[in-house]
């Protein structure tokens with residue numbers, strides 16, 4: 001991938017953990033909200049699209065699936081662009097693409113055109129905003145990073161609470177075409193957030209040359225040698241198969257039970273409202289000194305909780321049951337959202353994070369393309385929403401066991417094996433004779449004069465003996 005200099009931040013600059021970082025955090029909050037809430041919010045328009053184009057549930061589910069696939073699958077492309085051009089220019093272009101895709105979708109005459117505009121173009125634009133914003137957040141925060149990740153991740157439920165009812169309102173007043181057009185205008189706010197991503201600049205000290213950044217590859221594939229990264233990537237890919245399925249189908253599930261459209265759309269608002277508090281809370285808890293070393297196990301528990309919620313939610317038979325499901329799903333989904341990138345940062349470190357996140361998102365893209373459409377196919381074949389929720393829950397539960405067992409047996413043994421080696425090397429270093437010790441003659445002379453007497457006796461020095 002060449003030896004171009006990456007945009008890895010200036011050498012020797014400490015993360016400020018505040019200051020302008022709060023503005024960066026706000027921009028990341030908005031970008032995360034658009035990136036994750038948008039694929040779920042457009043599900044409000046699915047009923048109208050089914051009537052407009054005469055298609056099935058699985059066909060409309062491809063819109064959310066392609067959006068998420070572009071968000072994940074273009075990860076390596078985003079990594080290369082960020083490392084070559086920097087975060088801010090990439091995000092500005094991404095904001096324009098996201099808006100252009102939704103505006104063009106309002107003029108579409110077939111579902112294929114909607115796939116290309118809303119799915120591909122808007123999805124690419126959101127991807128070019130999402131990944132660089134996380135990279136900038138990682139550079140501005142270190143000690144407060146779990147808290148910052150939790151607050152930024154809260155953008156997803158906040159925007160879900162707003163975009164879902166807004167989408168229903170726009171559909172009622174302007175139709176799905178007018179709704180897409182207005183949403184395209186809202187996505188231009190991504191460009192405003194891009195302007196907040198000010199690069200960190202090393203302070204210039206007089207008389208000292210400016211520190212030189214090392215030349216590195218645009219995409220670092222050495223992360224695949226890290227056993228912890230491989231376990232995380234496999235578990236996350238399995239998790240994504242079922243993670244996004246319930247939010248995509250819960251509104252249609254309620255409408256199928258005879259719930260009015262506005263009331264059905266309110267389910268996503270409930271889910272998002274609970275998620276708003278779950279993400280920052282999970283971030284604060286993970287940031288505690290006694291909890292942070294066990295963040296991987298906490299992430300595994302979050303996935304288990306989410307999968308178990310899907311299994312129990314499959315038994316819902318009325319609106320009240322779906323409300324209870326959305327409450328517990330919001331808690332578990334918020335925990336997963338707050339921890340997923342914090343755990344990845346903890347595994348690979350800041351230096352390799354820009355490449356690692358791109359590669360992880362690429363691996364997850366395949367699962368995203370399979371997840372919601374497979375749920376739609378299953379729904380078309382069975383017409384039973386219970387089967388869809390059972391499948392999603394089983395997939396997320398499997399991912400939690402993969403991460404838990406992989407971390408316990410593989411990564412745990414590796415750390416235990418490294419511990420004796422580290423102790424031995426420390427002991428060797430302790431008993432190692434000092435090398436290249438230089439003694440100043442003036443210091444020796446001062447030391448000899450410093451203590452003329454010891455225990456009441458005159459100490460004979462070379463000078464007193466003369």
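Just so it is clear, glycine is given a Cβ too, placed from its N, Cα and C backbone atoms.
Keep in mind it's a predicted model, so treat the numbers as computed, not measured.
Per TrEMBL, the features are as follows:
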type: DOMAIN; residues: 21-411; note: domain 'Major facilitator superfamily (MFS) profile'
type: TRANSMEM; residues: 20-38; note: transmembrane segment
type: TRANSMEM; residues: 61-82; note: transmembrane segment
type: TRANSMEM; residues: 89-107; note: transmembrane segment
type: TRANSMEM; residues: 113-130; note: transmembrane segment
type: TRANSMEM; residues: 151-170; note: transmembrane segment
type: TRANSMEM; residues: 176-197; note: transmembrane segment
type: TRANSMEM; residues: 229-252; note: transmembrane segment
type: TRANSMEM; residues: 264-282; note: transmembrane segment
type: TRANSMEM; residues: 294-316; note: transmembrane segment
type: TRANSMEM; residues: 322-341; note: transmembrane segment
type: TRANSMEM; residues: 353-371; note: transmembrane segment
type: TRANSMEM; residues: 383-409; note: transmembrane segment
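Residues 31, 34, 78, 81-82, 113-114, 117-118, 120-129, 132-133, 177-178, 180-181, 183-185, 187-195, 197 of the same chain lie 6 or more positions beyond the ends of the transmembrane segment (89-107) yet place their CB under 8 Å from a CB of it. Away from its own ends, the transmembrane segment (61-82) comes close to residues 1, 7, 35, 38-40, 42-43, 46, 49, 90, 114-115, 118-120, 122-124, 126-128, 130-132, 135, 218-219, 240, 244, 248-249, 354-355, 357-362, 364-366, 368-369, 371-373, 375-376 of its chain (Cβ-Cβ under 8 Å, at least six residues beyond either end). Listed stretches 176-197, 264-282, 294-316, 353-371, 383-409 were compared with the transmembrane segment (151-170); the greatest number of C-beta pairs under 8 angstroms is found for 264-282. The transmembrane segment (294-316) shares the most Cβ pairs under 8 Å with 229-252, out of the stretches 20-38, 176-197, 229-252.
Here the transmembrane segment (383-409) sits apart from the transmembrane segment (176-197); fewer than 3 CB pairs are under 8 Å, leaving out pairs fewer than 6 apart in sequence. On the 0 to 100 pLDDT scale, the domain 'Major facilitator superfamily (MFS) profile' (21-411) averages 85 in this prediction. Taking Cβ pairs closer than 8 Å, the transmembrane segment (229-252) reaches residues 39-40, 43-44, 46-47, 57, 61, 64, 68, 72, 164, 223, 264-265, 267-268, 271, 300, 303, 306-307, 310, 313, 322, 325-326, 329, 333, 336, 340, 343-344, 347-348, 356, 359-360, 363-364, 366-368, 370-372, 375-376, 379, 385, 388-389, 391-396, 398-400, 402-403, 406-407, 410-411 in its own chain, all 6 or more past its ends. For the transmembrane segment (20-38), the most Cβ-contacting stretch among 113-130, 176-197, 353-371 is 176-197 (pairs under 8 Å).
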